[in-house]
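Enquirer: Before we start, here is the structure in question, set down as structure tokens.
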Amino acid sequence: MSETLKTQPYSKRAEVHPSPVARRLFNLMETKKTNLCASVDLTTTKEILDLLEKVGPYICLVKTHIDIVSDFSYEGTIVPLLALAKKYNFMIFEDRKFADIGNTVKSQYKGGVYQIAKWSDITNAHGVTGSGIVTGLKQAAEEVTDEPRGLLMLAELSSKGAIAHGKYTEETVEIAKTDKDFVIGFIAQNQMGGSDEGFDWIIMTPGVGLDDKGDALGQQYRTVSEVMSTGTDIIIVGRGLFGKGRDPSVEGERYMKAGWNAYLARTNQL
């Protein structure tokens with residue numbers, strides 16, 4: 001993201017973005033005044049739905065790991081999830097991290113038990129298998145639904161010792177350039193460039209915390225102001241919202257305000 005794009009309001013970027021998913025997301029963020037994504041790594045449908053009833057008003061996006069839901073069913077899990085997304089006006093991002101050849105990910109995305117392409121606005125993929133992964137996922141989406149879908153590439157990770165950096169990150173960016181309409185951005189800790197070639201990538205950053213600096217399993221947290229200053233568009237927060245002793249409604253509003261104020265400061269709107 002260039003300095004010019006970095007200081008533009010989300011609504012301005014929505015006006016010219018080639019992806020309908022990105023346009024919808026940017027406009028939603030402006031309408032709700034939030035750039036918060038809730039990461040709901042919970043293992044039952046009830047836990048997920050109950051949490052979203054509490055944080056739904058404060059988020060633009062929910063990030064799911066649907067394959068850890070022990071009682072998953074399309075009717076029992078996805079239908080009410082979609083209803084909550086409509087009720088509270090947020091989008092859905094299934095954090096699937098696809099990492100196989102194009103033909104395989106095509107089947108994984110559109111079929112199986114989860115039918116991800118049918119209900120998730122956004123998903124993500126590693127670049128390790130090359131650009132065929134983008135082609136396969138896009139084809140799957142087009143075969144399953146008329147609704148627009150978007151893909152994030154995993155350029156950088158927030159865990160200690162992650163090898164997604166340097167040359168790997170550079171090659172992942174090159175893969176992203178192969179499809180301007182379907183690839184909407186990155187999971188990353190920093191800007192990924194591209195603006196000089198006409199790309200406006202959405203940067204979503206995990207590992208954001210207002211209180212904790214890390215955990216025992218290698219997660220490293222950065223503050224909201226830190227990540228926003230390095231080009232993040234959407235902050236991804238999980239345990240900071242619903243960890244032990246936390247009130248999700250209170251924390252949701254707290255992170256929403258922190259993220260939005262950091263965005264307003266970056267875009268000179270304060």
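Just so it is clear, glycine is given a Cβ too, placed from its N, Cα and C backbone atoms.
The following feature annotations were taken from Swiss-Prot:
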type	residues	note
BINDING	Asp41, 63-65, 95-104, Tyr221, Arg239	substrate binding site
ACT_SITE	Lys97	active site, proton donor
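Map the listed features onto the structure and describe their local environment.
Expert: DSSP gives Ile101 (substrate binding site) a coil state; it is part of no helix or strand.
Cβ contacts within 10 Å of Lys97 (substrate binding site), excluding its own Cβ and spanning all protein chains shown: 14.
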Enquirer: Highest CB neighbour count within 10 A among the binding-site residues Asp41, Asp95?
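Expert: Compared across Asp41, Asp95, the most Cβ atoms within 10 Å surround Asp95.
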Enquirer: Would you please pick out, from the binding-site residues Thr64, Asn103, the one with the fewest other Cβ atoms within 10 Å of its Cβ?
Expert: Asn103
Enquirer: Give me the non-local Cβ neighbours of Ala99 (substrate binding site): same chain, 6+ apart in sequence, Cβ-Cβ under 8 Å, ordered along the sequence.
Expert: Val105, Ala125, His126, Val128, Thr129, Ile133
